[in-house]
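J.: First, the structure itself, so that you have it in front of you.
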Amino acid sequence: MKKKFRIAVLPGDGIGPEVMREAYKILNILERKFFLKLELREFDIGGIAIDREGIALPEKTLRGCENSDAILFGSVGGKKWDYLPIESRPERASLLPLRKHFNLFSNLRPAKLRVDLKNLSPLRSDIVRDGFDILCIRELTGGIYFGKPKGRFKNKNGEYAFDTEIYYDFEIERIANLAFELASSRRCKVCSIDKANVLESSVLWREIVKKVSKNYPDVHLSHLYIDNACMQIIKNPTQFDILLCSNIFGDIISDECAMITGSIGMLPSASLNNQKFGLYEPAGGSAPDIEGKNIANPIAQILSLSMLIRYSMNLNEIADKIDLSVHYALKEGYRTLDISDGKNYIKTNEMGDIIAEFLDNGK
């Protein structure tokens, strides 16, 4: 590892600053116990940046991210800023420009249901009795969200609107390579999601994915149409390892996978570019309704930090130790409100303390 690893810390809005404080506890242990040399610099983003500087992504924040090796992101948004035009609101005016600026073409969303938390899943107990571990890999910078032309118009027949789904072969190839590489260190299965029976873009998607798969003979490739995939995830989620998806399909199916785990407060995410520069954030939102109550689940933020350690710093053993510390905390029965019975639960800061203690003690 380089002499000093620079992390831009962007707590943001809502519960973002609260759960980020718990991630700092882990970062302190990484410096003290594992001798990592970290340079942590905090910047405003989202609603708080609008309040202070009039813009969701200030130039100072963008420059700070450019001078960093990775971004640890909290959350942005809230009703307070709903009066703004959509394009100026925290979510639209901060995250999307960051993804575009750093060419973060891949989004990794783990959806893991631990056996000791299977009661949280809305699925039948016989379906989730062994838990599941799915990694959704979503192409993030192409497809219908960014394709042109798009627009909304009126003519003599009425009002109409249109969007364009477009993918280049190189966009599909690079996301497919990432999926197969990651599958090689997991259970060696990739299921590619498309709609190749009706969409030309999906026909190309399937062709390129098949082509890339030839370079990974040890990884089993399968294909599902998006509608069937959504059904199969409900019917038997344990059959899946990695789901490889286009932008819009990944947007939909990763939320479905998150929901069947029972708590989005447990789920991290990573958005990466070709240089493994990444933006790491909880999969959930800013949850302004519980802001300041010390009841938010910090696990997604801590696991997002673990993903940063794994993918941008390439320190898998240390990332494994963080993941194990979370595992031990849950195994011992510690629960925040969102994953509790509603009566017996601990506070945000207490969960952070417990996970940090397990990491520090090296259990």
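For all residues, glycine too, the Cβ spot is worked out from N, Cα and C.
So Swiss-Prot says this about it:
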| type | residues | note |
| --- | --- | --- |
| BINDING | 78-91, 285-297 | NAD(+) binding site |
| BINDING | Arg99, Arg109, Arg138, Asp227 | substrate binding site |
| BINDING | Asp227, Asp251, Asp255 | Mg(2+) binding site |
| SITE | Tyr145 | site 'Important for catalysis' |
| SITE | Lys195 | site 'Important for catalysis' |
J.: Rounded to a whole number, what is the top Cα to Cα distance in Å among the residues the record ties to substrate, namely Arg99, Arg109, Arg138, Asp227?
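T.: Across Arg99, Arg109, Arg138, Asp227, the widest Cα separation comes out at 28 Å.
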J.: Suppose we draw a 10 Å sphere around the Cβ of Asp251 (Mg(2+) binding site). How many other Cβ atoms does it contain, all chains included?
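T.: Its Cβ has 18 other Cβ atoms within 10 Å.
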J.: Quick one: pull the CA-CA distance for Tyr145 (site 'Important for catalysis') versus Asp251 (Mg(2+) binding site), whole Å only.
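T.: About 11 Å separate the Cα atoms of these two residues.
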J.: If you compare CA-to-CA distances from Arg138 (substrate binding site) to each of the binding-site residues Ile86, Pro90, Asp251, Asp255, Ile295, which comes out shortest?
T.: Asp251
J.: Determine which residues of this chain, when Asp227, Asp251, Asp255 are set aside, have a Cβ within 8 Å of the centroid of the Mg(2+) site's Cβ atoms, and list them as they appear in the sequence.
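T.: Along the chain, the qualifying residues are Ile226, Cys230, Ile248, Phe249, Gly250, Ile252, Ile253, Ser254, Glu256.
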J.: In three-state terms from DSSP, label Ile295 (NAD(+) binding site) for me.
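T.: Reduced to three states, the DSSP call for Ile295 (NAD(+) binding site) is coil.
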J.: If you count Cβ atoms within 10 Å of each one, which of the binding-site residues Asp227, Asp255 comes out on top?
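T.: Most Cβ neighbours within 10 Å: Asp255.
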J.: Select the most exposed residue of Ile86, Ile295, where exposure means the fewest other Cβ atoms within 10 Å, treating these as the binding-site residues.
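T.: Checked Ile86, Ile295; of these binding-site residues, fewest Cβ neighbours within 10 Å: Ile86.
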